[in-house]
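I have placed the structure first, in the form of structure tokens, so that the comments after it can refer back to it.
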Amino acid sequence: MKALDLKLLRDLWRIRGQALAIALVVGAATATFVMSLGVYRSLMETRDIYYERNHFADVFSGMTRAPRSIVGRIETIEGVRHAEGRIIQYATLDIPGRVESIRTVINSVGEGGETDLNRLTLVAGRGPRSSAAGEIVIDEAFADANGFAPGDEIDALIYGTRERLTVVGIGLAPDYIYAIAPGELIPDESRFGIFWMGERALEAATNRTEAINFISMTLERGASEAEVIRRLDVILAPFGGTGAYGRDDHPSNAFVDNELMQLDVMTTTIPPVFLIVSTFLVYIVLGRLISTEREQIGLLKAFGYTDGAIAWHYLKFALAISALGILIGWAAGAWMGRGMTALYTEYYRFPFLYYRISPSIFAIAALLAAGSAVLGAMGGVRTVIGLTPAIAMAPPQPPIYKTGFLERVGQKAGFTSIGHMIVRHIGRWPVRSGITVFGVALSLGLLFSTMQFLDGTNEMLEANFFRAQNQDLTVALIEAGNEEVLHNLASIPGVLRVEATRAASARLRNGHRSERVAIESASSNTRLWSRIDASGREIPLPPAGLMLSGQLAAKLDIRAGDRVEVDMLEGRRIRTQIPVVTTISEYIGSRAYADSVTLERLTRDNSPVGSALLRIDPAAREDILDELREMPIVLGVTERRATLDKFREMIDDNMITMIGFYIAFASAIVIGVVYNSARIIFSERARELATLRVLGYHKQEVGLILLGQIALLVALAVPVGCLTGYALGQSLAAAFSSDLFRLPFAPTRGTYGFSIVVVLVAAALTALIVARRVARLDMVRVLKARD
Amino acid sequence: MAETTTNRDRSTAQPAFRATGLRKTYDMGETQVHALRGVDLEIGAGEVLVLLGPSGSGKSTLLNIVGALDRPTAGQLWYEDTELTALNDHALTRFRRAHVGFIFQFYNLIPSLTAEENVRLVTDIATDPMPAAEALELVGLGDRRAHFPAQLSGGEQQRVAVARAIAKRPHVLFCDEPTGALDSKTGIKVLETLANANAELGATLIIITHNAGIAGMADRVFNFLDGRIASIEVNETRIAPSEISW
Ligand SMILES: Nc1ncnc2c1ncn2[C@@H]1O[C@H](COP(=O)(O)OP(=O)(O)OP(=O)(O)O)[C@@H](O)[C@H]1O
Ligand SMILES: [Mg+2]
């Protein structure tokens, strides 16, 4: 081995602590990159392969009822390749020992479970025979959550009649990757199942011989989806079509897309933070190393080493550190990616999960990490090249200090000599001090901006479940009913209040923009249902015209005061124009509201009850749920409490894991930054600190100089970090928002506090490790060595 | 400077330091370096002592041990009635703080502090110090108080170090080659301030030097050889620093 390389190895070994601290930050950059991009690609590939293999359709539409022959007509639409009709029927289940409402959506399938589109993949048992009454395949998540296996029987209330169903198989399908019951916000596999039943059997059970109520179709390559949807709506209008939609609006697909979008945001925001920090760390550490090795560099040059050879020597130093970081990051990223992917399989139901990180992801991660290290090394390498042998051989002059601005403040504040030492040292190396402040601030910002997601989610829950909803139960009806339903519900013992709400499907248009929505309404004297905007104000329903959520208004490019075209997809299906009176800033979904009179004018029917909101005596909950299960008109019951609990559970599962990762990441940055700054300060000041010891200062007093300086820099970093976190958090929250959710940016003081505490603790522990060196400082040795 | 006592009186007066059998061995793995091989000594209060000897003979090692910067491998050391070799680190620090001043070849000023602040470093923690400005006046640098080390010449820096050492009115001043980096004129100036401190503050003065001429200003001279005091010379009269032939 060449002597110069030996020097490299020894130098690396000598500053191994610092090298490891930097490698940790590089490792975090690599790990987040590998993890998020790896999971992103894996999830996307899994989805694409699943869609491909199981023929996931491109366009979908529901309808009240249409003859099966309509499918042939639809296939003649230009651009439609293949269409397939099915029956989709909601039903409630009666599982012994379970009081809460358990719902299912039953899909019709051909003989043995075969279909052309949205194909079922069986994981156990067999498909249902087409005309065998009661034979069903149930989805895997529901089976697991409730302990069902082939051969088990389940009692169901389908279309008003009680039936005993037999599980013959377990499977899953691409149109239910993310399965949420109507009116719910998140999946709950124990309370909502996806069933598949033979076509003839379901026709018989729902009284729809040779009829369908749902159609899916694939499109030709290059066909216009918007045009197909337009023509489809026209064809299906007489059959009660509820508005066709593409994959973008398909509930399951939209959630998967949303998740992918969020992963993509993570890939582009988090790793760069680490890369920036590692660049700066390499910059200060190599800069310091080179300045202590001026004499050696001069000597090497005097011996005839070229600038290039010496520059390469120091570049290799940076590369060696980043190589270590890359190895750490690869391993950690692959491991965390597996964990993340496992989390996804809990909420996203795939028959297989294709977790594979392609070599190109590893390679790109390594290139980025090495690139940032080289960039950081550039500053030091430039000084190496600039040194002439003569200058390099002359010992450096004592560093020149000045009294600066802080000084004058200090003088007034009565600084001790030690105070002066601290402040002047910071002022003497402003770039390095700045990098320390910036690095710690970034770490705080990163932690804060990820922690605030919890606040945002809580705020969203708070707004949705506590401020806007006052009901205990929401009772969905099989079809829109009238006052009598309300009376029946009100007469159940324990029911304290009943109110009607309704949601009518419509398509809103503004120019070429169009959105399929449900126009929601409640009785005029409602006490259980209110619209609360993001700032917590209650916004009353306008007496005439629509109120749109901010997201919907933006999608339609409509402002309050504009008129919007309404195609009703229910009732008498009228088409009209109506003013948008107000918009409301909300977190969940794109929604439209009208008061009951306005909605009735739009639907022109006489059935104002779509679902009922109930306030109940908690003691009577079980009896009420039993009673509701017996009512044929009831499609399902949603409990506010249960939804909330499920949401909380999901947050605990998901977010806590993520937050654990981010605490680790933020600590990695703090350790990397504080350890390196402290070590550099220590090595620069070792002689001074030893001198103070000689003069009779105690270890603690001398340690204070080191700790005081770090503490001052970290203290400066706290406000900077809060500002950084505020900005980063705000833009992350915005980037994470989609059609489905608008994540509020609503950080609490606790989040500021928690992030600050984590950073301070990490900084304090790291600084203490370095401060221990002060205690071990060998006065005699340090004083003997010339700088 | 009036000589009122003879040198012999001084060396036999109440001793400031007393040591028996001091040894210092550095364990270098395979080999051992015997820096001190058994040193017995007495140093009188107010005495001026010069240590001479070839490089590596153990002068600095002894000075560091007597000055409580380092511990011997074996042997005992007393300062007045205190056994220094029995003290813990904290107590040794207190001892230095209370009684001892140091001056080194390479000044060891804190570059981020001005001349006056460097002196205040000591006066801040001493019990009965002179004002920092006064100490600087004593070394003739009253007008350079606000200057940083980088703005001072080597000799001036060393005089600041002397001011820093005497400002606490120490009982002992340890000087390891205080003029090693200085020319004769500046060196003599520094030695004059040290001699003044001895005369006016009564501080015991222990000076390591390679310059045999300086030995003339001592009461006694210890000649070191190979980790031992090979011989002790007693000067009948001390010469003033200005008369030293460099
Ligand atoms: N930390 C150490 N480790 C190993 N050996 C040491 C150490 N410090 C000093 N020595 C050895 O102890 C011996 C005495 O050293 P010391 O510094 O006391 O000599 P000195 O008389 O002051 O020499 P000089 O005139 O060159 O300053 C030398 O042989 C030296 O190599
Ligand atoms: Mg020496």
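Yeah, the Cβs are placed from backbone N, Cα and C, and that goes for glycine too.
Residues annotated as domain 'ABC3 transporter permease C-terminal' in TrEMBL: A:273-385, A:661-777. The annotation transmembrane segment is assigned in TrEMBL to A:20-40, A:270-290, A:311-333, A:353-375, A:434-454, A:659-682, A:703-729, A:749-771.
Outside the transmembrane segment (A:20-40), and at least 6 residues removed from its termini, the chain residues within Cβ reach (under 8 Å) are 260, 263-264, 266-267, 270-271, 274-275, 277-278, 281-282, 285, 321-322, 324-330, 332-334, 336-337, 340-341, 344, 355, 357, 361-362, 364-366, 368-369, 372-373, 664-665, 668-669, 671-673, 675-676. Taking every listed stretch (A:270-290, A:311-333, A:353-375) in turn, the largest tally of C-beta pairs under 8 A with the transmembrane segment (A:659-682) is reached by A:270-290. Comparison of A:270-290, A:353-375, A:434-454 by number of C-beta pairs under 8 angstroms to the transmembrane segment (A:311-333) places A:353-375 first. When pLDDT values are averaged over the domain 'ABC3 transporter permease C-terminal' (A:661-777), the model yields 88.
Within the domain 'ABC3 transporter permease C-terminal' (A:661-777), the DSSP-based counts of helix, strand and coil residues read 100 helix, 1 strand, 16 coil.
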